[in-house]
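Asks: The structure that follows is given in the form of structure tokens.
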């Protein structure tokens with residue numbers, strides 16, 4: 001019976017707890033967005049050594065439906081220690097789902113969580129791993145309590161303990177403004193804010209014109225020690241340099257564009273002594289929201305930028321609307337940007353290439369022409385005169401009709417000789433015709449050798465003296481010069497007078513007379529003799 005009653009009480013307690021939890025959840029869902037504003041609330045004191053912050057109305061009960069966010073920032077190379085050593089009371093719940101304090105190791109609500117606390121027991125001492133702590137206090141609409149009081153201070157970062165006592169950081173701040181501008185880390189060295197071996201913590205304050213906002217776009221970004229935010233980072237603040245206005249922080253390998261909601265932007269760069277090679281370059285553009293005024297350009301992304309930024313070679317809009325129709329201007333600007341040195345180098349190189357091409361073409365044209373001219377200069381026209389201009393023989397008119405038969409024989413002999421010369425003229429060189437004799441004077445010796453071979457084959461016979469016939473008419477013989485060395489062996493006197501007879505001479509006698517006649521013609525150049533028989 002006792003066990004039955006105990007079991008009944010346990011079941012009843014569970015039902016009550018469940019119903020109360022459902023009521024809490026329904027109340028939590030009824031909280032409006034206006035009551036859940038992530039803003040700082042309660043008391044806050046800050047100084048170089050630390051500070052104190054509390055829940056609203058502490059040590060009285062905190063009001064319902066409240067959400068307060070506190071961000072603590074330490075100096076470079078320092079960490080944060082957080083203490084809850086005063087009276088403390090927050091509504092208890094399972095896993096602190098209702099009223100609670102949430103602490104994260106970093107500057108954002110998505111930073112790694114350290115813990116969530118509620119109830120009557122004070123939280124332990126909390127230490128950050130870096131320069132920031134993010135603390136949120138949340139209260140639902142029921143069961144309020146006294147709240148909390150927290151104290152914090154700064155301690156040296158253990159990651160830098162090997163460096164000993166560090167020098168104070170140099171003052172490093174810049175002021176910029178206007179429709180656009182470039183923020184770059186190289187300004188630190190250019191303006192002598194710090195040396196190349198010093199750690200830097202620099203800030204750039206950007207102020208836009210009235211009723212304008214700021215758009216930031218990275219042109220260059222590189223961290224020497226990527227993913228080590230303690231050693232180097234670039235941070236963007238919207239409205240002030242306070243940690244509550246931290247918009248974005250980059251310490252990895254990628255940096256995204258940032259759109260600010262106010263007209264004041266702060267860029268902060270931190271780099272220790274071993275990260276001075278970290279660099280960035282950022283373009284800021286002041287813009288207004290539509291409707292655009294007359295002296296502005298609409299970027300099709302709810303941005304109105306100054307007309308002077310259109311086609312200036314830089315993308316000032318989120319998308320490159322301001323540079324899309326500037327091809328001609330880009331070409332002109334590219335030529336204008338060529339320095340005198342580069343222009344000279346390009347001009348000289350082009351001239352050298354053109355000269356080499358011209359010389360190469362001339363050489364290719366002249367080389368075969370040279371060979372042709374050389375061969376033409378070696379050509380001796382007298383050597384081939386007998387080939388191209390064979391001699392002409394003309395017969396004189398007859399003084400009578402009685403010697404027609406004898407004269408026909410002479411004409412036939414000359415005609416045969418012409419045919420022989422034409423056929424032999426086709427062989428310019430001895431080896432073309434198979435001759436075994438070498439020629440000292442070109443084709444002239446070919447004919448002499450042929451005639452000599454004919455005479456060599458014919459046996460020599462004594463020449464019978466010719467008796468001049470009676471009652472025979474005289475004929476006129478015209479002799480034309482033809483150079484022939486082989487004719488030197490004949491005596492012209494022996495053939496000066498050639499009697500014409502009615503009887504036929506023997507074939508051998510005709511050959512001898514024909515050979516001597518040709519030889520004599522070669523001795524007397526362009527000479528005409530009249531011989532009366």
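Using N, Cα and C of the backbone, Cβ positions are placed for all residues, glycine too.
Feature table excerpt (Swiss-Prot):
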type	residues	note
SIGNAL	1-22	signal peptide
TOPO_DOM	23-344	topological domain 'Extracellular'
DISULFID	41-68	disulfide bond
DISULFID	96-118	disulfide bond
DISULFID	172-202	disulfide bond
DOMAIN	172-287	domain 'CUB 2'
DISULFID	229-251	disulfide bond
DOMAIN	291-327	domain 'LDL-receptor class A'
DISULFID	292-304	disulfide bond
DISULFID	299-317	disulfide bond
CARBOHYD	306	N-linked glycosylation site
DISULFID	311-326	disulfide bond
CARBOHYD	340	N-linked glycosylation site
TRANSMEM	345-365	transmembrane segment
TOPO_DOM	366-533	topological domain 'Cytoplasmic'
MOD_RES	417	phosphotyrosine
Asks: I need the nearest neighbour of residue 202 (disulfide bond) among the disulfide-bonded residues 229, 317, 326, using C-alpha distances.
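Replies: Its closest listed neighbour, by Cα, is 229.
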Asks: Does anything in the same chain, at least 6 positions from residue 292 (disulfide bond), have a Cβ under 8 Å from its Cβ, and if so what?
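Replies: The answer is 298, 304.
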Asks: Please give me the CB contact count at 10 A for residue 118 (disulfide bond), counting all chains in the structure.
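Replies: The answer is 23.
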Asks: So for residue 251 (disulfide bond), how many other CB atoms are inside 10 Å of its CB?
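Replies: By my count, 20.
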Asks: Say you check the Cα of residue 311 (disulfide bond) against those of the disulfide-bonded residues 118, 172, 229, 299; which is nearest?
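Replies: Out of the listed candidates, the nearest Cα belongs to 299.
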Asks: If H, G and I count as helix, E and B as strand, and all else as coil, what does DSSP give for residue 306 (N-linked glycosylation site)?
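Replies: Its secondary structure by DSSP: strand.
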Asks: Between the Cα atoms of residue 317 (disulfide bond) and residue 118 (disulfide bond), find the distance and write it as a whole number of Å.
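Replies: One finds 48 Å between the Cα atoms of these residues.
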Asks: Please tell me which one of the recorded positions listed here (41, 68, 96, 306, 326) sits closest to residue 229 (disulfide bond), measuring Cα to Cα?
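Replies: It is 68, whose Cα lies nearest.
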Asks: What whole-number Å value do you get for the CA-CA distance of residue 306 (N-linked glycosylation site) and residue 118 (disulfide bond)?
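Replies: Counting only the Cα atoms, the answer is 54 Å.
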Asks: Relative to the Cα of residue 172 (disulfide bond), which of the disulfide-bonded residues 118, 251, 326 has the closest Cα?
Replies: 251
Asks: Let me check the 10 A CB neighbour count of residue 202 (disulfide bond). How many other CB atoms are there?
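Replies: If we count other Cβ atoms within 10 Å of residue 202 (disulfide bond), we arrive at 20.
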Asks: Which number gives the other C-beta atoms within 10 angstroms of the C-beta of residue 304 (disulfide bond), all protein chains shown included?
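Replies: Its Cβ has 19 other Cβ atoms within 10 Å.
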Asks: I need the nearest neighbour of residue 41 (disulfide bond) among the disulfide-bonded residues 96, 118, 326, using C-alpha distances.
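Replies: For residue 41 (disulfide bond), the spatially nearest of the disulfide-bonded residues is 118.
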Asks: State which of the following disulfide-bonded residues has the fewest other Cβ atoms within 10 Å around its Cβ: 68, 311, 317.
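Replies: With the disulfide-bonded residues 68, 311, 317, fewest surrounding Cβ atoms within 10 Å: 311.
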Asks: What does the DSSP secondary structure composition of the domain 'CUB 2' (172-287) look like, as residue counts for helix, strand and coil?
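Replies: For that range the per-state counts are 10 helix, 59 strand, 47 coil.
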Asks: Across all the protein chains here, work out how many other Cβ atoms are within 10 Å of the Cβ of residue 229 (disulfide bond).
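Replies: Looking across every protein chain shown, the total is 21.
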